[in-house]
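A quick write-up on the structure given underneath.
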Amino acid sequence: MGDEKQPLLPGPSSRRRSSAKIVVKQMVSKIEENGSEESLSIKLGSVKIPMYGTNTGALTKVVPIEERVTYSWCDINAFATSNEISKRKYWCCGPKTVVAGSQKIHILKNVTGIAYPGELLAVLGTSGSGKTTLLNALTFRTTKDVAVTGVRCVNGVPATLKSLASVSAYVQQNDLFIGTLTVKEHLIFQALVRMDRHILYPDRMKRVEEVLVELSLKKCENTQIGYSSRDDIGISGGEKKRLAFAAEVLTNPSAMFCDEPTSGLDSFMALNVVQVLKGMANSGKTVICTIHQPSSELYTMFDKILLLAEGTLVFLGTPEEANLFFTQLEAPCPKNYNPADYFIQLLAVLPGREESCKQAINMITNRFEKSDIGVGMLVEAKRKCKDYESTESEIYFGSESQKSPYRASWCSQFYAVLWRSWLSITKDPMMVNVRLFQTAVIALIIGAIYYGQVLDENGVMNINGAMFLFLTNMTFQNVFAVVHVFTTELPVFLRENKNGMYRTDVYFLSKVIAETPLFIILPVLFTSVCYYMVGLNPSWMRFLIACGIVTLVANVSTSFGYMISCLSGNTSLALSLGSPLIIPFLLFGGFFLNVDSIPVYFKWLSYLSWFRYGNEALMINQWSNITRIDCSNAPACPQNGQVILQMFNFSEAHLLWDIVSLALLIMVFRLAAFLALLWRSYK
Ligand SMILES: Nc1ncnc2c1ncn2[C@@H]1O[C@H](COP(=O)(O)OP(=O)(O)OP(=O)(O)O)[C@@H](O)[C@H]1O
């Protein structure tokens, strides 16, 4: 059956058939424009089957000449400091030995190179040869224990993290997502914050749809991504990889850096991903990626390869030049052998033959540096970086000098991050359902234990205890919930912020606003359940004031939770810090220690205790209008509410001050949290 007779679209209508022909003609002409039809389809008998990613060229906007990026790097050296040795020496022998014991590992050694627009450059090498470190160094993303020297230039001007982030995208090896979002929601968020601000909302959504189809994520578009740490049912590892890639494909960055984009994918999807990369390179982007064990099919798609061995540049050139170079070295790649496998094996340091392997690597490196290909590349790379010695400070390139690294405006960032934060809260059962249930159950338990207190000697003691329990429960419940959620999301924020997607203040503000309704509902629910069960002051106004005080205390606790999360940066440290830091505040609450007995040197700390203000406010609210307490069986018991307040050294006039202090503490802790987050994002 010829192509002519094939029903291209459902239904027999001839009008549909002719419009389908036009679409096909347009697609064919676009594929021809990109000149890569052969690599984009496979032949099964007489039928040509298009492969995923084949329309990349059609979808990817061609990068205008003036936006194209030639990325060069000169004399990149990376050193890692081995901390373990230095720490051990510090503890056993004192600080002097730190210097003597600290060990520097030279990971990258004078690596120089250049990548041009329209090129797909693959960094190849054995495991541990320094591929990831090189990519991290090129994108200014090395960890703090790795020091990098050398210069990286965009179009001949020294680049910085910010300037590079504004024109490039980086797909990292480990994927980080907000697991409660669906695939489509994730991409919509990415489209809102990453695409240029002049692009209209419908166009962004259209692009999301295109990318979903392009990366074959359509079938899982409404599936939650899931958290691998929680054993949630989510999308597969391969789908996660494609999703990470899709987020970068959404925008049209001039340069793309990808660390092992094919790891975890089957050979078909790996080919698909490299096709997308190739399509991007065809559209004028500069694409640099590290690849583990590329198949021969993938290898043929690379425009250039960079071979690394023991942190040294061994070769940079086209695959044909690589063949020629190794043939000249009298080590040609055997026929029917995957060249990538061959080069990697050739440059491997074999156990037991370390010395001879390293000598061979040195010899190849020297020969490359003296070869025509090597000399040409080195001269060109150094020419592009020639100004670097005179420019040490942060310099932005060309027209980017005044440009913000953020693509979306402050308001658009705020809308997008708030929307995502709200989704991540409302769709997380751990966050809403479980916490509502937990709060109601604890409130019922406390209510049942303290049920029906009367105003006598025992009742006074029990009511005071119950009110203090309100505060401790609100504190511990909220601090640990906030720490858990905030620290889980922190790596996502740090990465996205570093990628220039949104500002720190936007994230913090959105997060706080999105969580506020929950931190109002929970304390109100808690107080509503317990208040009348325990038998606290029955006036409606007093009940509402109590709800307000408990809500303020809950919000001070969440602010404190934000602060320790931002200061510590990870869940385990924040959780370990939480209790020891809360206990002193708890002691200064006036329940366990009379406020007048607080040692003078701890007085200042007591002013930061929300237990103190909360407890005093609740006590005043409870006791100030109680004129009679039944002391018939215990003559020593307080006769009325005023006496109780005096016993605790609480003054009725302090109620407003306590409420204002709680509000101030919310602001102080949130400001401290924000500053810590800002410091962390700059670090
Ligand atoms: N922070 C660090 N501290 C100490 N050594 C490090 C550090 N980072 C990297 N290294 C070492 O540097 C070398 C290169 O590491 P890198 O991760 O760049 O290699 P790679 O080629 O990407 O390896 P793989 O292909 O296995 O991911 C390795 O020997 C690694 O142990």
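Yeah, the Cβs are placed from backbone N, Cα and C, and that goes for glycine too.
Predicted automatically and left uncurated, TrEMBL annotations should be read as such.
Annotated domain 'ABC transporter' per TrEMBL: 80-335, in sequence order. Annotation comment: TrEMBL describes 432-451, 463-487, 508-534, 540-562, 574-595, 655-679 as transmembrane segment.
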- Message: Does the structure show the transmembrane segment (540-562) and the transmembrane segment (655-679) touching, where I'm treating 3 or more Cβ pairs under 8 angstroms (sequence separation 6 or more) as a contact?
- Response: yes
- Message: Need a quick answer: max count of Cβ pairs under 8 Å to the transmembrane segment (655-679), which of 463-487, 508-534, 574-595 is it?
- Response: 508-534
- Near the transmembrane segment (463-487) in space but 6 or more residues beyond its ends, with Cβ under 8 Å, are 428, 431, 435, 438-439, 442, 446, 450, 453, 511, 515, 519, 522-523, 526-527, 530, 534-536, 550, 553-554, 557-558, 560-562, 564-566, 568-571, 574-575, 578, 582, 586, 589, 591, 610-611, 614-615, 618-619, 622, 644
- Tertiary contacts of the transmembrane segment (508-534) (same chain, 6+ residues out, Cβ under 8 Å): 414, 417-418, 420-422, 424-425, 431-432, 435-436, 439-440, 442-444, 446-448, 450-453, 462-463, 466, 470, 473-474, 477-478, 482, 486, 489, 543, 546-547, 550-551, 553-555, 558, 562, 670, 673-674, 677
- For the domain 'ABC transporter' (80-335), would you mind checking the mean pLDDT of the predicted model? 83
